[in-house]
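**Student:** First the structure, which I've put down as structure tokens, then a few questions once you've had a look.
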């Protein structure tokens, strides 16, 4: 197995059915000045259902057992934002969304991969969206619902769309979003489980639980054809021809669509 950068400027579009993935803003982490100062911001990714459902019913709080699961699946019928970047990137985020024809009020679900300010600093732009931040899920208005997310117990949002517990970097409550069925195979939006492609020299120093994060990294690499890391361009996961294909993986050779070009859905 090896990895290689998926080249292209933001926004980078990977068409899919039933969900397409748009990397709106590529994260970065760059040394600044002397000492250990770093200027950084997290990647921001949009997951778009091919067919959008009505945007009203997800705002109502479901009753009874299975409420969180039903509410999550309902919220996933509209645009899903994975991380929001830091508050200093507010205008860049709004501009990137507008470039996709999405207003803040159109977003029905925001997933925060972990609780660091460079990843969830713009939650206030989306008061009408359901929020899944780390392991906390709430509906608009602050109604929190219990759910079964845990290591080895994913939350299903829709066909080929899941949230996984991927602990390590920020502690025990980090999550990743797994999108199967794209033109490039399975895309995993991994937050800071991966800082960037080729981060083997640095990720452990930034991890609250390196052992847990190592397990999370291995789990992601088993299924991913493309990884969207927290602070760098997306990268491909390339397997030897003799390796068995994993569920959702196809290692498609189709290239993503970059910039303002229209994706050709297949």
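Our numbering is plain: 1 for the first residue shown, then up by one each step along the chain.
A Cβ is built for glycine as well, from the same backbone N, Cα and C atoms used for every other residue.
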**Student:** Pick the one from 147, 231 that Swiss-Prot also lists for the Zn(2+) 2 site with 118, 119, 192.
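**Tutor:** Looking through 147, 231, the residue Swiss-Prot assigns to the Zn(2+) 2 site is 231.
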**Student:** Please report the Cα separation of residue 114 (Zn(2+) 1 binding site) and residue 231 (Zn(2+) 2 binding site) in Å, rounded to an integer.
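**Tutor:** Distance (Cα to Cα, whole Å): 14 Å.
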**Student:** What whole-number Å value do you get for the CA-CA distance of residue 231 (Zn(2+) 2 binding site) and residue 192 (Zn(2+) 1 binding site)?
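**Tutor:** On Cα coordinates alone, these residues lie 7 Å apart.
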